[in-house]
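Per TrEMBL, the features are:
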BINDING   9-16, 56-60, 119-122  GTP 1 binding site
BINDING   186-193, 233-237, 298-301  GTP 2 binding site
DOMAIN    3-167  domain 'EngA-type G'
DOMAIN    180-355  domain 'EngA-type G'
Amino acid sequence: MSFTVAIVGRPNVGKSTLFNRLLEQRKAIVDDISGVTRDRQYGVTDWNGKTFNVIDTGGFVPDTEDIFETEIRKQVRIAIDEADALIFMTDAAIGITELDESMVTLLRRSDKPVYLAVNKVDNNQRLFDASEFYSMGFEHIYFISSMTGSGTGEILDAITSLIPEMDKPEDEETKEGALPKFAIIGQPNVGKSSLLNALIGEERTIVSNIAGTTRDSIHTHYNLFNKEFILIDTAGLRKKTKEKEDLEFYSVIRAIRAMDEADVCILLIDASKGITAQDVNIFSLAARKGKGILVLVNKWDLVEKTTNTARDYEKQLKTKLAPFTDVPVIFISVKEKTRIFKVIETALQVYDSRHIKITTSKLNEVMLKAVEAYHAPVVRGHPLKIKYVVQLPTAVPSFAFFCNYPEDVKPAYRNYLENQLRSNFALSGVPIRIFFRKK
Ligand code: GDP
Ligand code: GDP
């Protein structure tokens, strides 16, 4: 299950400052697709051992007053729809404004928990002034300074107390929990529904439809190639939204949610349009979440081809996906039904790779040879000596290299070791983690 917290509020109250503080040094995913809104940001963070998604709904760069209002209302509505909890941020230095009031009206109608964060309470005088915010009538009210971090711990304690303790193992016990879960994600119109229909077309393969753990995703239980798996789909959902709201925003939030439920993300892009900045953002978020990934270049029928077209296309695509380029790329046409089943076959392979267990003896045999073949450069006069390596018992393949000076290992050498692992073991589409520990 994924838990999503959205930060809403009028521009300049300090939403992105809080967002950056929550994400600390982790790189945020910035949504720069929209011309009207200030970058929206998405990220994943943890507090008290609980992991959750954070969305900063951004701000509007106003031209005229009424567009401004409409835009903000839209953001709030989407946040109310899609998030599990909301941080409603106001500004103590300015006090309550009309726009704040109109947002309160919207928020009152939602049944999601709302945490009022009165920001910029940097000192006692501000705290005193800020008492007017009690009049807004929220049950949860926090006086914070996003700039200094004061009060932010309390609000996070409150929010994370809503997240169920360790929901993973519980999930694993159910039948569905034990099956590979694949999420089909991608921007509107890349062909997600069509792909799903093409697969569903093989009626014999469907075992059952199960309501997703989040209200918005559909889980379909398949049996194909004698393998059972669950497809998580968020594609049909947009068709439910009557208002044309903000398709991109919905699709991103849904992709993130589907991703959280999945073991492997199947990312579709449109061959005729190429990969967009948004796709790259989603891709790197999946990698950071440690999900298996494969990329489908759909609508390949629309591309004029010569001998090397696919090869060149893939090469170009991968420069955009760097540094994580060891990813299966499949050129498909749902329309012409080419290579559709290869998708499932590959997703199953990625799933298996993500659960790879390499024995310590095999790992050391291969990796110590690699270390021997190319020694790390000498740092501060000490040669770096890697003694042995083990795979850690974690969900995402992780490797610990035991050495004499772990803090001296440079990124280039780390990358060399990762490449060696990748070229010797089946890890395509699987993000891996590498640690250096003191022997
Ligand atoms: P957003 O538009 O709501 O995302 O607001 P920003 O995060 O961009 O912040 C708007 C301005 O408020 C920036 O100049 C911030 O430095 C400032 N700001 C944010 N948080 C605080 C705070 O806790 N105290 C003070 N004094 N200024 C803050
Ligand atoms: P979704 O929004 O990602 O679910 O995309 P849809 O499945 O609704 O597809 C969007 C449009 O792309 C529809 O008009 C499809 O017919 C078309 N489409 C899907 N797959 C292909 C393909 O392989 N080739 C071509 N030419 N069009 C496709």
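A Cβ is built for glycine as well, from the same backbone N, Cα and C atoms used for every other residue.
Here the features listed in TrEMBL are placed on the structure.
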residue	record	contacts (Cβ under 8 Å, 6+ apart)
Gly9	GTP 1 binding site	Lys15, Ile87, Phe88, Met89, Thr90, Asp100, Met103
Val121	GTP 1 binding site	Ala92, Leu127, Ala130, Phe143, Ile144, Ser145, Ser150, Gly151
Gly186	GTP 2 binding site	Lys192, Ala255, Leu267, Leu268, Ile269, Asp279
Asn189	GTP 2 binding site	Asp270
Trp300	GTP 2 binding site	Ala271, Ala310, Phe331, Ile332, Ser333, Thr338
Reduced DSSP assignment, Gly186 (GTP 2 binding site): coil
Sparsest Cβ surroundings (other CB atoms within 10 Å) among the binding-site residues Asn12, Thr57: Asn12
Binding-site residues near ligand 2 among Gly9, Lys15, Thr57, Asn189, Trp300 (Cβ under 6 Å): Asn189
Where Thr57 (GTP 1 binding site) sits in the secondary structure, as DSSP reduces it to three classes: coil
Among Val121, Gly186, Asn189, the binding-site residues whose C-beta sits under 6 Å from ligand 1: none
Where Lys192 (GTP 2 binding site) falls in three-state DSSP terms: helix
Cβ neighbour count (within 10 Å, all chains shown) around Lys15 (GTP 1 binding site): 26
